[in-house]
Amino acid sequence: MRRWTTLAVAASVSMLATSAFAADVPPKEVAFGDDGVTASLTGTPGDPKHGAEVFKSRKLGNCLACHANEEMSGELFHGTVGPALDGVADRYDEGYLRAIVVNAKAIFTEETVMPGFYSLDLGADVAEEFQGKTILSAQDVEDVVAYLETLKE
Amino acid sequence: MMKSGLLAAAAVLALTAGVSADPVDEQLVIDGQEMITRAKAPEGHPFDEVLSGWLYREAETRKLEEDSFDNPGMLSVEEGEEIWNTVEGTAGKSCASCHDDAADTMAGIAANYPKWDPDAKRPINIELQINKCREENMGAEPYAFDKSGQKELTAYIKHQSLGDPVSVDLSQGEMQQWWERGKDVYYTRTGQLNLSCASCHEQNNGNYIRADHLSQGQVNGFPTYRLKTGLTSLHNRFRGCVRDTRAEIPKAFSDDLMALETYVTWRGTGLSVETPSVRQ
């Protein structure tokens, strides 16, 4: 996977880059290393409480559309398109969890149906309102990763 | 964790993932007539067996389709029958003026659409054939998409093929090329969510996406009666599925959607026409 090395180089450059939120790593410059994406995208620690909202909300992550999650058994209708996420933090370190959420295609295969939530590697004919935009903001990603970190068995 | 370890873990999980709920093993009988809801797939199809969306629905929804008195879609079919008999346009004719009783003249016809239209040099569906007859034979305005009874009249005509197996003739005109183009559309990932028709209806049929039990996305029941929105046309459904990927919504009856209709109809070869089917 070419991407892993080229992006690692891009990473150091990104520290100098400026964007809307000066501290955010832009989507194209996220560094994928052997341990996933180890650096925070924002420098602000993730808030697991808001992360849980991102996870549930149909407008934000809508992770429940595809993943069951015991911890949210109060919510109706958990999908089965992806694996259940119970105990996911026992299976993956933070860097991998962040990498999966940022761009699942870089971690699994190009075939995965899981969207890249902080990626600009989008499908054809993106609707105007979503063009050039990531599904989640950098801080939403940090928050949802912080929430995933709480899913231990 | 090392990357190789992660990939191995992912492979194991892929096997255990997606506690898929199988479609039911039941027979759909409408007013005593047996419907084909499972058929051997045509050659070159990704599945061995093609399955009607009816098999994926909840018991109450399935039941509504079994009896035409319970099927809320039948009211629309009756409206379609009225339109069939209504004179409109400068020629002073109704559909019935030329085609008499649809129960005879339209029996089995819609099971073979889309068809090649040598004049338009593209495949046409029932909606477009209706517009053709309105313009050329009645001196009436073509219907705008989903307007003025287009869905109801289409449902009425398709209902005359109830139970007949779907079969498209790809040997006519350039149908084969349109089928190819439709296949491209089917497998093209679109939108911010980067999903294709196949992502949901091929890779994941049998799985739940939130509350929805994903079917093969078959078209044999259209126009369909949806419990939430009432009578729903096929191109409306296509547009909804594409919109959900956060892509630009394609135009009804555009080349892309006619190609897609041709291809997806072929994917349901052998299933009975169920119009008006009942879905959630």
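Any Cβ shown, glycine's included, is placed from N, Cα and C.
When the candidates B:Cys133, B:Cys197 are compared with the heme c 1 site entry in TrEMBL, which names B:Cys95, B:Cys98, B:His99, the shared residue is B:Cys133. Rounded to the nearest whole angstrom, the C-alpha distance between B:Cys95 (heme c 1 binding site) and B:Cys241 (active site, cysteine persulfide intermediate) is 33. Highlighted in sequence order, B:Lys93, B:Ser94, B:Ala96, B:Ser97, B:Asn137, B:Met138 have their Cβ within 8 Å of the centre of the Cβ atoms of B:Cys95, B:Cys98, B:His99, B:Cys133, the residues recorded for heme c 1, and are not part of that set. The highest number of surrounding Cβ atoms within 10 Å, among the recorded positions B:Cys95, B:Cys98, B:Cys133, B:Cys241, is found at B:Cys95. Closest by Cα distance to B:Arg237 (substrate binding site), from the binding-site residues B:Cys98, B:His99, B:Cys133, is B:Cys133. Between the C-alpha atoms of B:Cys133 (heme c 1 binding site) and B:Cys241 (active site, cysteine persulfide intermediate), the distance comes to 30 Å.
Its Cβ placed at the centre, B:Arg237 (substrate binding site) has 18 other Cβ atoms within 10 Å.
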